[in-house]
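*Asks:* Dumping the structure here so I can ask a few things about it.
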Amino acid sequence: MSALHAFPGGLCLPANKERSTALPIQQAPLAQRYIVPLGQHIGAPARPCVEVGQAVLKGQTIALPDGTVSAALHAPTSGTVVAIGAHPYPHASGLPAPAIVIASDGLERWTELHPCPDFRAESPLALLERIRAAGIGGLGGAGFPTAAKLAARPAEKIHTLVVNGAECEPYISADDLLMRERATQVLGGIDILVQILCPEEVLVGIEDDKPEAIAALGAALGERPYRIVALPTRYPSGGERQLIQLLTGREVPADGLPADIGILCQNVGTLAAVHDAVVLGRPLISRITTLAGGALERPMNVEALIGTPVHELLAFAGLAEGRLERVLMGGPMMGFALPDLSVPLIKTCNCLLAGDATELPEPVPAMPCIRCGDCAQVCPVSLLPQQLHFFALGDEHEQLLAHNLFDCIECGACAYVCPSSIPLVQYYRASKAEIREQRQKLLKAEQSRERFEQRQARLRRDEERRAAERAQRAEKAALARAAQAEREEAAPATAVDPVQAAIERARARKQAGSGSERLKRLKIEASMARVALKKAEKQLLSHDTPEQHGLVAELRAAAEAADKALADAEASLPRDLPSAPPAALDDEAELKKAKAQAAMARAQLKRSEKAFGEAPGAEQRATLDELRAEVERCEATLARLERHAPKPAAPGDDGQAALKRAKIALVGKRAALKKAEQAGVMDSELERLRGELQAAERDLHAAEDACGKPAPELVRIDKRPVDPRIRELKTELAYARAALKKLERLANADAAALAAARARLSAAERALTEHGTE
C-alpha cells in the first residue's frame, strides 16, 4: 500500500482526551455485588448454569453460550449467587434484562485456569474453542462473538487482517492507554489470529493524535511483518467499513461483510483479551473503560470487573453530583443516556461520560428541515440523511430500504451539523426497529403459511391413501363375489326342487299361522298385565290405602290368569311337527332370532341381579322372577327349534370331514361351558350347556364309528416329577437376572449395588450347575 485512501464525509472534532490520559490505567476497587447480564453481546443470550445460593470462584463459567452466535459468561469474582432475574440494563430502551447477581466474598479466589503459552503448537480449531470458552466478544462497541467472527466460511479466504486502534470518538481513550501500557498483549493477540487465519497482510490503523501508542506498538513489534499505519484524525475513521476503506481503498458491499472481500477487522481491546484467554487461560471478566466528563474530579481509564455497578465506578472517579447533567454510556456522538446509575458495566462499555451542562446541554427544540445539505456532505457512507428523515416521518419503509437505511452506521455526524437540531439518528433507529419488527412478522406469517400448506398436503396424502385402500378392498370384494358366483354356478344341483320346497314352507306357515298369532296375542296380554301390576305396586309404596291394595290384588289375579293362559297355549303346541320345521326354520332366520332373544333375556336377568344386589326388595324379587320365567321360555323355544334344525351336510362330505366337524363342535361346547362356569351364570343355563356338551360327545363318537378310523393306541409314559430344589434354584436365578438388568438400566446406578447383583447372579448359576451334576 503506497498511500492512504479516503472515505467520504467525516468531521474534525475536538478530542477532549487530555484529562483521561494523564493517569495510567487504574484498578477499580472490589464491589459488594456484581450484576452480570446474560445478553451482553449480539446474538442469543447465554443460558445460566448456576443456581441461586451456589458458591462460585473467580473465572468460573456461570452461563453457557446458547448457539453459535452467543458468548459464555464467567464470575467476575468469588462469592455466592444471590439472584437470577430481571435487573436494570444499560440500553437505550431502559428496559430491564435477565442477569446473574453475585455477592462478593472479598477473597478473589480463582478457579483452575488452563494457560497455553505455546499457542503455535495448537490447531486453529483448538484456539477457536479456547476463545469461545473465554466468552470474548467485540470490545470496540458492537459485541459480536469473536469466535463466530473468526470461524469464517471455507470459501472466504482472509488475506488481510485489519487491527482497529483508531478510537476516533471524543473523550474515549481506553484503547490509547491499552496500546501504550500493554502493547505486548495486543501484539500477542495479533499473533494468535495470524495463527488461526494465516492472512497475507496485517495492517494496524492508529490515528495520528496517539503518538505514544504508535511508538509503544512500534517498539514491541520486533521482527513481525505487521504494518502500523498512522491515520488522519477524522471522525468516524474508527468505523469498520471506514477503516478498511482508509487502509485498503476497498469498499465493503452494502449487504455484505468484510469477510466477503477477504478482510477481517478486530479491535485492539479484543486482541488483548484473546491473548489473555489463550496464553494465560483467563476468561473475559474485566475491561478497560474511560471515565470522563466535567462532573468527575479525577477522569481516568480504569480496569473494572464486568458487572460492577456504574455508580460505584463514577464514585471512584470523584463524581460531583451537583455538576452532573447526565451520564452517557459511550461517547458524545454514538452513546446513549443511562436512565439508572445502578446498571452494571458490560463487555461493550468503553466509556462512561459524566457530562456537565457545558458538555451535554439540554437539546434545543427541533426545527423543520431547511434542506441545506450539510448532513449529506458529512455522511461517511454517502447517504441522503434528509431524504431518509422525510421517509421515516411518513413510515415509507420501502423508500427507506431503497435509499439504503441499513447502511447507516449511526455515527451521529448528520445530527451534529444539522442547523435545525433534528435528532436524525433517533429517527433512523426507530425506523430500523419498525422494519425489523415487520420482517419478523412477515417471517412468522410465512412460516405459518408453510406449516399450513404442509398440513394440508399431509391430509390430502392421507385421504388419497385411504381412498386407494378402499378401492383396493372393494376390488378384492368384487373378485371374491365373482369367484363365489362361479363356484355356485359350477356346483351340482341338489335333489330337492327349490320351488317345491318354497311351496311346502308356505303351506306349513299357513297351517301354523293361527296358533302362532294366538300365542303372540297371549304373550302381549301377559306382558301388559305384568306391567300394570308392577305400576300399581309402585303406587302402593307411596299410597298405602285399602283401595290401592284391592287394585293390586285384582291386577295380580289378572296377571296370573294371563300367564296361565300363555302357559296352556305353549303346552298345547305339538312337540314334533314333521312339516313344521321347514316353515319355522325358514333360512334359519327363526333359529337365529330365538338365539338372540334367549341371549338378550339372559343378559337382562344378569344386569338386574347385579343392580338389585344381594338383598332385593319385594318389587325387585318380582321383577327377577318375571325375568327368570322369560329366560326359561326363551330357552324352551330355542331348544325346540334346535331339535328340528337340520344338520348341515356339505356336498360330497366324507367320514373324515364329519369327524373333524364333530371335534370342532365338541371343543366349542367345552369352551362355552367353561366360560359360563367362570361367569357364574344360572343353573338352568349350565344344565343346558352340559346337555349340549353331552350331545356333542355322542356326535363325536358316532362320527368316529362312521369314519372307520381305528382308535389310537394309548401308551402310558411315566413323567419324571420336578425336583423341588431345581425349581427353587431356577427361581433364584431368574430373580438375580431381573435385579441385575434393572440396575444396568439405571443411569446413576451405584457401583457397589451392581457388583453385588453380579455376584448374586454368579452364585445362582453356580448353585444350579452344581445341583445338576449331582
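Including glycine, each Cβ sits where the backbone N, Cα and C put it.
Pasting the relevant annotations from Swiss-Prot:
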| type | residues | note |
| --- | --- | --- |
| BINDING | Cys369, Cys372, Cys375, Cys418 | [4Fe-4S] cluster 1 binding site |
| BINDING | Cys379, Cys408, Cys411, Cys414 | [4Fe-4S] cluster 2 binding site |
| COMPBIAS | 453-490 | compositional bias 'Basic and acidic residues' |
| DOMAIN | 359-389 | domain '4Fe-4S ferredoxin-type 1' |
| DOMAIN | 399-428 | domain '4Fe-4S ferredoxin-type 2' |
| REGION | 453-493 | region 'Disordered' |
*Asks:* Of all the binding-site residues given, Cys372, Cys408, Cys414, Cys418, which residue's CB has the most CB neighbours within 10 A?
*Replies:* Cys414
*Asks:* May I have the list of same-chain residues other than Cys369, Cys372, Cys375, Cys418 whose Cβ is within 8 Å of the Cβ centroid of the recorded [4Fe-4S] cluster 1 site, in sequence order?
*Replies:* Ile370, Arg371, Gly373, Asp374, Pro385, Gln386, Cys414, Val417, Pro419, Ser420, Ile422, Leu424
*Asks:* Which residues does Cys411 ([4Fe-4S] cluster 2 binding site) neighbour through Cβ under 8 Å, counting only same-chain ones at least six apart?
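*Replies:* Within the chain, Cys411 ([4Fe-4S] cluster 2 binding site) has Cβ neighbours under 8 Å at Tyr235, Pro236, Gly239, Met333, Met334, Pro380.
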*Asks:* What is the number of residues in the region 'Disordered' (453-493) that are helix, strand and coil, as DSSP sees it?
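*Replies:* Taking each residue of the region 'Disordered' (453-493) in turn, the totals are 38 helix, 0 strand, 3 coil.
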*Asks:* I need the least crowded one of these binding-site residues (Cys369, Cys375, Cys379), counting other C-beta atoms within 10 angstroms of each C-beta.
*Replies:* Cys369
*Asks:* Find the shortest Cα-Cα separation between Cys372 ([4Fe-4S] cluster 1 binding site) and the binding-site residues Cys379, Cys408, Cys414, and name the residue that gives it.
*Replies:* Cys414
*Asks:* Write down the Cα-Cα distance for Cys418 ([4Fe-4S] cluster 1 binding site) and Cys379 ([4Fe-4S] cluster 2 binding site), rounded and given in Å.
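*Replies:* Given the Cα positions, Cys379 ([4Fe-4S] cluster 2 binding site) is 12 Å from Cys418 ([4Fe-4S] cluster 1 binding site).
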*Asks:* Quick check: in three-state DSSP terms, what is Cys408 ([4Fe-4S] cluster 2 binding site)?
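*Replies:* Note: Cys408 ([4Fe-4S] cluster 2 binding site) is coil by DSSP, not helix or strand.
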*Asks:* Taking the center of the Cβ atoms of Cys379, Cys408, Cys411, Cys414 at the recorded [4Fe-4S] cluster 2 site, which other residues in this chain have a Cβ no more than 8 Å from that point?
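*Replies:* Apart from the listed residues, the neighbours are Gly9, Cys375, Val378, Pro380, Val381, Leu383, Pro385, Ile409, Glu410, Gly412, Ala413, Leu424, Val425, Tyr428.
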*Asks:* Looking at the binding-site residues listed here (Cys369, Cys375, Cys418), whose Cα lies nearest to that of Cys408 ([4Fe-4S] cluster 2 binding site)?
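*Replies:* The answer is Cys375.
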*Asks:* To the nearest whole angstrom, what is the C-alpha distance linking Cys375 ([4Fe-4S] cluster 1 binding site) and Cys414 ([4Fe-4S] cluster 2 binding site)?
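*Replies:* Pair distance, Cα basis, whole Å: 4 Å.
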*Asks:* Where Cys414 ([4Fe-4S] cluster 2 binding site) and Cys369 ([4Fe-4S] cluster 1 binding site) are concerned, what is their Cα separation in Å, rounded?
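*Replies:* The Cα atom of Cys414 ([4Fe-4S] cluster 2 binding site) is 12 Å away from the Cα atom of Cys369 ([4Fe-4S] cluster 1 binding site).
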